[in-house]
Amino acid sequence: MWIMKILQRHVVYDALLRCTKPTRLWDLYAFASGPSRFKNTTPLVRLLDEYFRLLCLGSYRASINIIENGSFTLSNDLWRISSVNSDYTMCQSYPFALVVPKIISDDEVLQASSFRARCRLPVVSWCNPLTGAVVARSSQPLVGLMMNMRSNMDEKLVGALCSKLDNGSRRKLYIVDARPRKNALANGAMGGGSESSSNYFQSEIVFLGIDNIHAMRESFVRLREYMDTHGRTSSDGMSSFLRQGGSTWGGGNLSSMSASVSTLGDSGWLLHVQNVLAGAAWIAARVAMENASVLVHCSDGWDRTSQLVSLANLLLDPYYRTFTGFQALVDKDWLAFGHPFSDRVGMPSVSGTGNVPFELSRQSSTSNFPPSPMRQSSGTFVSQPPASSHSHNSNNYSPIFLQWVDCVSQLLRIYPFAFEFSAAFLVDFVDCMLSCRFGNFLCNSEKERQQFNVFEACGCLWVYLADLRTSSGGSHVHYNPFYDPLKHSGPLLPPAAALAPTLWPQFHLRWACPEEAQAGEIEAQCRKIVMKYAEMQKAKEMAERKAKEVTNSMESLNAELRREKQLNSSAMNMAKSMSKENMAIKRAIQSMGCKVHVSGSSGECIVDIESNPDILCCSSRKESNSNVRDDKKDMSVSVVITAGDDDDGNNAIGRVCETLCPFRFGDGRVCETLCPFRFGDGGCRWPNGGCAQLGSQYVGLKANFDAFDKLSIDDSYFKSE
């Protein structure tokens, strides 16, 4: 029974081991999870788009069709995109498309490739569209032990990288060898070596002295050991104490703290980071300040070369400091140009043997690093026997890419306004690269990823990170709240004093000293302020929209109110005019001793004469348009007298004459005795009155109302004869 239990435990253990340490590429989680909603866009298309941008061919857009039919071989005045490696036969670790000098043919490119290690010939990585200066990359030349081997095609290709200046003079060329000089000479024994300035016209050879992948691996192991020993918490989550005195971080005595600092210095990690930063800054300064071209290489041209070229490009081009530009930079200088991620990170390779996933961010220094296949010059893979539990030198693992991201974090610390992304983005980016969840960083080259259809079978890291930012908007932790693209719109050229690096707290201290990893507290507070500002900005915009709507509504109401006032004023004037007219009619008729009764609103009134049942009808009306006067003070009143049945017209007229001003009878006689305004000599006291005219049986009275008004104040009207 107990034997069965042991066998079952072994089965479970083997299953867990296969899941945690898969030995085949397709056993990784990226293949099991599939692309999901983070479907990978073709990196070949992205690489061509970046080439089009560099060559100022922005009107062109890459697609699968132009890749399949080979129509992507465009060019400008100096450079062209070559398809000489479209099937990866020339160089298995280079991308399918290369940027080379326009004056160099594909046949010459093929001839020149044989003079460089692994056929990694000099090609353009970045070019300045204004000056024509370039940053190029390659592997070491195969000059041999005596340093006397030469290649005319290689010298012609390298010389073509130096286009002429505007004044007609030849541009200077710097050939930067990332290795120490002694290492370059030692490689000559194996057929490699370095260039001679006498063989390359107007060139200067510079050695940067950056150590190889094995030195970087040992340095990183010592750094992790330092973190586990002197941190508050070890990388595996267990409690950790100082070996001297057993005190936790920050609580030891002076001697223990000195030993801690000395141990960190002995790891050499910060010194390596500084060397890489200084080398990249020197390259960027030569291109930006001298308009010189720079060719960078190490041994194989895919480790230190990738670090230096990509950092120099980051310093020279502000586009690479944005999210989209950073993606293009990594896709081009690391993935397309064949940095062996499977070997360096420790993931299974296409051969399906040997490598074990390795989590840099949490691995303890006591862990072993199983070997990975050795890459041969022909591109084939042979498996190596397992190494001992503490052997680190027998494999190709090395934290080269992590070291490069560490350098980027140092630049972000020095220039906090120059980068669109934050330190938190860099941490998540490295974690995603190591998680085996996405296919971007699997395998060792673009050819291998194409061969095993990684792009379609696995999800895309870039889509995942972009989705995170989109879900939270501009307040996401990946955004740098201090980013100001106008502040650093040109190259970044840090002085030597600014390149003293510090330990990257957000990554290296997040397990050992979690509280120290929160060094970006100011950044967090600034992000909160930015979020609050964004909310206030939205509220302000909403308030401005509402205020504009209210203003428009008020203007509309004011316009309507003005129209109403105009109508009201017209109505008031008309009412005053009507009132004045009515009062005048009333006074005129009352002066005849009549009783006025107004019926309805038709303007007609019935006037009764008190002493006689005869009916006198009065109508107030406007004359035809031809008779209407513009002067509203002049009004006309027409009085119509209708005689009764038993009276003739003359009697009726005679009775009316007794109360009216001078009347003229039909025969022309004037009733002077009845007119109160008549002088004895026949003159009239009211010459402006327009007295009535008598004719037949009708009496027409035209009154000047201004004269009526003056009647009450003109004393001459009331003087006795």
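Every residue gets a Cβ built from N, Cα and C, even glycine.
Just so you know, TrEMBL annotations are computer predictions that nobody has curated.
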Candidate ranges 533-574, 617-658 [criterion: TrEMBL lists as coiled coil]: 533-574
Integer Å distance between the CA atoms belonging to Cys298 (active site, phosphocysteine intermediate) and Asn212 (substrate binding site): 9
Of Cys298, Asp300, Trp302, Arg304 (the recorded positions), the residue whose Cβ has the fewest other Cβ atoms within 10 Å: Asp300
Local confidence of the prediction over the coiled coil (533-574), expressed as mean pLDDT: 90
Packing count at Asn212 (substrate binding site) (other Cβ atoms within 10 Å of its Cβ): 17
Distance from Cys298 (active site, phosphocysteine intermediate) back to Arg304 (substrate binding site), taken between C-alpha atoms, in Å: 6
